[in-house]
Ligand code: HEM
């Protein structure tokens with residue numbers, strides 16, 4: 001059980017104070033059309049600051065960027081009030097290294113609520129280390145870390161208010177909707193990467209850990225919903241690899257590269273990505289196969305010599321024939337054989353591999369699958385020439 005001392009009150013104030021304040025705004029201030037669209041635009045701007053900036057640039061270094069781009073994304077991400085680049089990226093690198101374990105700050109195995117918001121409300125011990133030397137040595141990152149509080153207040157509340165105030169004289173709307181309510185939406189949208197993206201969807205590339213791929217999560221998280229891909233290939237600047245999949249974060253980074261703001265966009269080789277996908281497809285097929293009866297595996301069958309096969313036929317009356325070194329019991333199949341009883345009866349006590357494979361008729365998969373349920377024994381040694389069918 002947690003006590004009040006375990007609670008991170010600073011985070012509680014931000015996470016619960018902003019929705020309460022947003023409700024006050026909805027109840028008291030009319031939402032003007034211009035303010036609505038400004039709030040939506042600012043939602044995307046600050047959200048992309050987290051996804052294209054904090055996440056794909058600083059935490060994963062999945063592409064290179066000019067200082068101008070870094071400043072734009074840092075300003076945007078600061079307006080999302082999710083902590084400094086240094087704090088956020090450190091936690092995120094730990095999350096990738098220790099996914100689903102006790103050391104993972106947003107460990108999805110502790111439940112949806114924990115991974116969504118609980119991990120910020122309850123103070124956590126620093127029990128994992130990860131290399132953030134690149135962030136520690138970056139003066140821009142250090143500047144943001146040092147002046148975070150005034151920067152965050154300005155970008156989250158003052159700037160959106162100034163735009164709506166000076167723009168169309170809606171100071172209160174700018175504050176409540178583009179500032180506070182927008183912040184609540186950005187928060188929960190990006191928190192869904194830690195929660196929803198570990199619960200909803202498919203294990204496209206790996207099923208050893210919880211991250212999953214789902215279009216709905218991508219829709220909510222500015223494209224971060226192809227999370228199984230992301231955990232497999234975190235250094236890839238994309239989350240969605242198909243052109244029809246929703247990943248506005250990838251599009252933003254790519255468009256920025258057209259004007260030289262970003263460059264060296266990293267992509268994992270398509271061949272390796274496909275190997276991962278095929279691996280999971282194979283696994284699913286194997287699971288389906290386990291639900292079907294494929295008879296006794298050949299290597300587990302008893303071993304008989306040709307003369308023992310002959311003895312069995314005369315002693316038990318079983319209708320045994322040999323195809324490709326395996327003895328089949330066709331006793332119950334005689335009347336149902338689509339090729340007729342005659343062929344099978346004539347095949348009893350003989351090696352009819354050649355006839356079965358085209359000598360008489362080249363059997364389709366249906367026959368080959370059906371045969372597995374008729375396996376009787378494995379043949380050891382040779383079959384006398386006179387008992388072997390020919391290609392005629
Ligand atoms: C365990 C042994 C066998 C099984 C399970 C089996 C099963 C089948 C099945 C399911 C078909 C339908 C079509 C297809 O799947 O290709 C078929 C067709 C046929 N089988 Fe077999 N077969 C066996 C052995 C033989 C042997 C030894 C011969 C001949 C020496 C033979 C001759 C034929 C012929 C001629 C047809 C074609 C029927 C037609 O469409 O006109 N089969 N068999």
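In case you wondered, yes, glycine gets a Cβ from its N, Cα and C as well.
Where the annotation comes from TrEMBL, it is an automatic prediction and has not been curated.
Residues annotated as domain 'Cytochrome b5 heme-binding' in TrEMBL: 301-380. Counted with DSSP, the domain 'Cytochrome b5 heme-binding' (301-380) comes out as 35 helix, 20 strand, 25 coil.
Here TrEMBL flags 12-29 (among others) as transmembrane segment. Through the fold, the transmembrane segment (12-29) approaches residues 81, 117, 120-121, 172-173, 175-177, 180-181, 183-184, 187 of its own chain, all at least 6 residues removed from its boundaries and within a Cβ separation under 8 Å.
Residues or ranges marked as transmembrane segment in TrEMBL: 35-54 (among others). A Cβ distance under 8 Å defines the sequence-distant neighbours of the transmembrane segment (35-54), meaning residues of its chain 6+ beyond its ends; these are 70, 73-80, 82, 85, 88-89, 92, 155-156, 160, 163-164, 167-168, 170, 173-174, 177-178, 181-183, 185-186, 189-190, 221-224, 248-249, 252-253.
Per TrEMBL, transmembrane segment is recorded for 147-168 (among others).
Per-residue pLDDT, averaged along the domain 'Cytochrome b5 heme-binding' (301-380), amounts to 96 for this model.
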